[in-house]
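Lifted from TrEMBL, the feature list:
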ACT_SITE  ASP441  active site, 4-aspartylphosphate intermediate
BINDING   ASP441, THR443, ASP905, ASP909  Mg(2+) binding site
COMPBIAS  16-28  compositional bias 'Basic and acidic residues'
COMPBIAS  1243-1252  compositional bias 'Basic and acidic residues'
COMPBIAS  1349-1361  compositional bias 'Basic and acidic residues'
DOMAIN    931-1181  domain 'P-type ATPase C-terminal'
TRANSMEM  126-144  transmembrane segment
TRANSMEM  327-348  transmembrane segment
TRANSMEM  374-399  transmembrane segment
TRANSMEM  962-982  transmembrane segment
TRANSMEM  994-1014  transmembrane segment
TRANSMEM  1040-1062  transmembrane segment
TRANSMEM  1082-1102  transmembrane segment
TRANSMEM  1109-1133  transmembrane segment
TRANSMEM  1153-1177  transmembrane segment
Amino acid sequence: MGDAAGRGGARRRHGDQRARSEKYELRAEGPTSMGSLRYQEDFEEEKNSAFTWEVQANSRSYNSQFKKKSFLCWQKKKHQSNVICTAKYNVFSFLPLNLYEQFHRTSNLYFLFIIVLQGFPEISTLPWFTLFAPLLCLLVIRAARDLVDDIGRHRSDRIVNNRPCQILVGKSFLWKKWANLRVGDLVCLHRDSVVPADLLLLASTEPSSLCYVETADIDGETNLKFRQAPPITHHELTSPRKMASFQGKVVCEEPNSRLHHFVGCLEWKGRKHPLDSGNLLLRGCKVRNTDTCYGMVIYAGFDTKIMKNCGKVHLKRTKIDRLMNRLVVLIFLSLVLISMGLSFGFWFKVSEFKAKHHYVSSSYMHSVASETFIIFWGFLILLSVMVPMAMFIMVEFIYLGNSIFINWDVQMYYEPQDKPAKARSTSLNDQLGQVEYVFSDKTGTLTQNIMTFKKCCIGGVIYGPDEDEDTPAKEDPYLWNEFADGKLLYRNSRLLRAVRAGEDRLVREFWRLLAICHTVMAQERDNRLVYQAASPDEEALVTAARNFGYVFVARTQDSITVMELGEERVYQVLAMMDFNSIRKRMSVLVRNPEGSIYLYTKGADTVIFQRLRNKGTQEWTTEEALASFAEQTLRTLCLAYKEVDEAVFEGWRQRHQEASILLQNRAQALHQVYEEMEQNLQLLGATAIEDRLQDGVCDTIKCLKQGNIKVWVLTGDKQETAVNIGFACQLLSESMLILEEREILQILEAYWESNNNKPHGKGKGHWKNQFLPHIKVAMVITGEFLDQVLLSLRREPRALVHSVNVEVDEPWQEPAEQKTDFLRARRMSLMWRALGIPLRGTGLAPQAAASSSSDMLCVQRERAFVELASQCQAVICCRVTPKQKALIVGLVKKYQRVVTLAIGDGANDVNMIKTADIGVGLAGQEGMQAVQNSDYALAQFSFLRRLLLVHGRWSYVRVCKFLRYFVYKSLASMMVQVWFAFYSGFTAQPLYEGWFLALFNLLYSTLPILYVGLFEQDVSAERSLELPELYVAGQKDELFNYWVFVQALAHGMVTSLVNFFMTLWVTQDSAGPISFSDYQSFAVVVALSGLLSITMEVILIIKYWTVLSVLAIVLSLFFYVVVTWVTQSFWLFQISPKTFPFLYADRNVLSHPSILLVILLNVSLNTLPTLALRVIYQALKKPRPKEAEAAPSEAAAAAEGPQLRRESRGRRSSYAFSHREGYADLITQGTSLRRAPGPDSDLLAHEAHPPREPPPGATEAPRLPRTLSFVGRRRQGRVSSEDEPRTASSCATVDQRHARQPGAAQDAGSSPQPLPEAPGKASRWGVPPPPRGTWPSSWRRLLQPVRRGPPDPERSARGEQ
């Protein structure tokens, strides 16, 4: 009898397709309504859409005839196979595609250009292979890295494509691979199976062909959802033979990314049957609580909705990489200018030389202009080493080494799952130290998906675990209860004694309510009572009642059986008032065995307390307990009940019957009737359930916030649960001002209008300095709100967006919400006054933008929204689709230009992970899709703290030091060539020995800076975690930017000037055996001075000294000594004087002490001033302000803005319930209840419990008998519900249920549906039960027939106590 308005899923609608096209009645089912047809604009779009996707069952030949245009005149099959390939390359595309990607790097293009120039002998100053070999090495290293990453993707794709499933071949279901699936195939699925493609549900072993699925891997919701087969297939397809002959054709919409929307029709036997999202099983969801179901493949492979949401693999590049590309261009342009200047110098020098020495002009074969042109290219090649190839090669090794350190970190190893951290990408390590925004999923990422009954409050008394009350724990306090569930960890001996004593009426009614007021189904497996719950919250509550002696045993369409402390009691269900997100409560109206009528209600404290009869000491105590539970971030429900007079019930029943048959506004009428009954309640108490966070989540988020990293939660779950987790992980706090959607719209309008009133370009970034200076603000929004605000969704095909000026009409508004309108308006006025923004209307004033284009308006709104959200201390986006998650990440990247990180564990997070600069996948319970598409894989969210603050910051520091030093080193050694050109007649003659140039970056100066890139630590790991504020340096690009680059250039240029001109000044006008004024001796002194100077520089920048650092420096100098001694030896000179011209040059120079003093002078002049400047700079440098100074503390914020407290209540409601509307209808209509089996059951009983994988050599699915459910057995031992006397009210109620049952009502023009099974006939899903004598004695004792005589006086007395 619950309200069915707004419920998606299994609602059946009949009538021909033409009638359906005129007026749709689809409702959103999932987290957000991107596919909802609520708005008029959406109706128009659906009317104009063409349904051109046709699939016929069991006919691959028919489906393969459809083609679509591929390229030019070529065509390919319209229907894709079910093969998934997420890899970037294949055997044929790897080489060209990888080379194309690599030469997108400016540095590679630069090196290729220089190599081409070296191929011309007239202008070549260096052998061509000096650059070609390193470039080839660099390309091979990067290609090998990309190949390894892509092989991992191929491997994961192979695992997915080779998963087994049962496909109908002929007249039996055979085990095949997922890759063998095609559209139109019929598939058999079993409990806990993953759906391999988007399937139309045809039948199942559940009553009315229901199928329960878990979509946590798709939309993040933990509660179960139900799907239902069309009535025609439910009644007709009752055996494999009939399924083999099934030739129905599905005509539906083209494949799209809207997860919660589907429109189509089934054409079969000359009739059309409507289909919607309630009939569709999406790829990636898991079958739960359903033994066997059958489906027809509608979309396969990349046409499935989840794959449409996954996005594409993008080439990710770091900020430093992009900066280096720009710097390479800058350096190249500088080299061109320098080469042109030196070429002009050559022009004038040659002209002057020819004028003075006319007799040598005959030796010049070319003109002056030609010689100058050749010299220009010669200088360009000579100076090309200023962009050293070795730097890019060494960076690859540094990235690889830091990735290995991440893999080896035992602090990020999760022993319970035996999963270490893994860097799946080796090129993003330094960007881990620059993250400013972390976008996190909730379900499975922040939480463990485990609900535990933690505490309760009954009659104002709080009952916590025995550990909290210092009560000695016993072995197992529930041994007296044969139905107890051993998994329940909650134990309170004091409460257990009160329950077993049975003297406290509130305690009895408290547990009785938990055992009655729910939508849980009971089954028996292996002689154990098993609950099937739509949400983990309900299962935790019913299990707690079960352990305390109030055992929910069975239910029928109009009754519920509870074993109360060993006594069986059957309650007649008179009405079920279903839960939904507006009512925030659920109620059950029952008649107990004594004939009294009771209403049991559970729901949010904010709605229960407003409906209490009176408010005394017990209520105030309970309210304090709720406040305590909220501080502990427990999820609470309030419990209340009342006794209903028979006359009152009869009047209410009549009004309820009238409301339930209305054709218009039925939902509002039913809610009003429910509101009448749910008044004057008596409070019983409250429950507190813990949605367990992963270990260390709170500390991790706190630490990240101290490091100026903003954490946004993007989840598909409902708003209440998302907000509760936000408080639990300390992302939200009591002092925060949580902006509502109306307030957000008005703030965005104020921003938009203020920018429009300013000169062009001056409004950008207005909020960065002025918005919300004193108050800590949080934002909680929904996916539907994003559809209203972000007009960029229109760029997506068929994305349904409506105007933000249109208020969303809610079907029912609670009276309490209506009463708070005045308080909300007053609060809004105070907020505008505090923010210094004039009060404005409720829309975004699009009429003001009539002169601007729609694209400009879109950009302005996007920027306004992103800037507002970026100023908030916390942002939670709930009920968002995977594509909306990626949209939010993309908008932040676009307008904030910051490094973003996305972390998640499910397939619904894949698009977000791919869109973010860094994607982190958690190896959780929702599969490995997120890990397979991530850059880094972790086992726990808490490891993100160490990944960013330790490994990320270290990698950033190391890479920045490496790049700055390499730029300095290159300038210090190579700018000497420019100064030498002024003394060599601008002839592009190299100063250094050729072997010194070739080995300088390879051996002489490589090891020390390679040590810095791999092992440098400015602070220890422990200190990095203690001081998260150190992380801010990477976010602000302090260690490597344009200014640092200019400093490195200047430092290197000064070093080269000192080395060259000091040596030149000392050797001026000198001669004799101790002079080094000759070319070779001068080159040796300058080279050695430069080598020692840059070695001293690396000694100064190393902060983490180990044996390896000393060894690296010693080995570098040792290599110089050994190689120089070899290349300047006499025997090599004899072999090739032209290749080894510097005969004994170093030995001759270093044998004179005076020359050593010159080298020492050069090194001292380069080192001592630099050291002095750094000491002075550190002394004058101001300490970094702490983040606490930049952002006001929560206490300060609360003190400055107490008038902005949310609502009048000082206590925050910790209500959060993941239950989904609609299950009460399934129960009251009997849709989900099993019937007694009979002899003519013929449907596929063999498919009940197949093995998880096919046995070796098996080709056909095994045929096993299906076990009878506990509910079915229960009814066998009792008087059947058809034979029991019913009251007039219950009969009328049941008749109404049947009248509203899906598939019962038929529209005009539709032919009659097959009649349901006759009463008393067996269910076609089961087999006859075994004789009762074979049942266990405990079950026979439990299932005694219920007495139907007058109530026992003694029993009545016991019940009233």
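Cβ atoms are placed via backbone N, Cα and C, with glycine included.
Automated prediction, rather than curation, is the source of TrEMBL annotations.
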Chain residues in Cβ proximity to the transmembrane segment (962-982) (below 8 Å; excluding those fewer than six residues from its ends, i.e. six or more beyond): 320, 324, 338, 342, 345, 379, 382-383, 385-388, 391, 394-395, 398, 988-992, 1000, 1005, 1009, 1012-1013, 1039-1040, 1044-1045, 1047-1049, 1051-1053, 1055-1057, 1059-1061, 1086-1087, 1090-1091, 1093-1094, 1097-1098, 1101
Tertiary contacts of the transmembrane segment (126-144) (same chain, 6+ residues out, Cβ under 8 Å): 94, 98-99, 102, 108, 111-112, 114-115, 118-119, 381-382, 384, 389-390, 392-393, 396, 990, 994, 997-998
The transmembrane segment (994-1014) vs the transmembrane segment (1153-1177): 3 or more CB pairs under 8 Å: no
Cβ-Cβ neighbours of ASP905 (Mg(2+) binding site) (radius 10 Å): 32
Neighbouring C-beta atoms (10 Å sphere around the C-beta of ASP909 (Mg(2+) binding site)): 37
Alpha-carbon spacing, ASP909 (Mg(2+) binding site) to the residue listed as 'active site, 4-aspartylphosphate intermediate', which is rounded to whole Å: 7
Same-chain residues near the transmembrane segment (1082-1102), Cβ under 8 Å, at least 6 residues beyond its ends: 961, 965, 968-969, 972-973, 976, 991-993, 996, 1000, 1004-1005, 1008-1009, 1011-1012, 1016, 1055-1056, 1058-1060, 1063-1064, 1067, 1076, 1109, 1113, 1116-1117, 1120, 1142, 1145-1146, 1149-1150, 1155, 1158-1159, 1162-1163, 1166-1167, 1170-1171, 1174
Among the ranges 327-348, 1040-1062, 1153-1177, the one whose Cβ pairs under 8 Å to the transmembrane segment (374-399) are most numerous: 327-348
Other parts of the chain folded back onto the transmembrane segment (1153-1177), taken as Cβ under 8 Å at six or more residues beyond its ends: 1051, 1054-1055, 1058-1059, 1062-1063, 1066, 1074, 1076, 1081, 1085, 1088-1089, 1092-1093, 1096-1097, 1100
Inter-residue C-alpha distance, ASP441 (active site, 4-aspartylphosphate intermediate) and ASP905 (Mg(2+) binding site) (nearest angstrom): 8
Number of Cβ atoms other than its own within 10 Å, given for THR443 (Mg(2+) binding site): 30
Cβ neighbour count (within 10 Å, all chains shown) around ASP441 (active site, 4-aspartylphosphate intermediate): 29
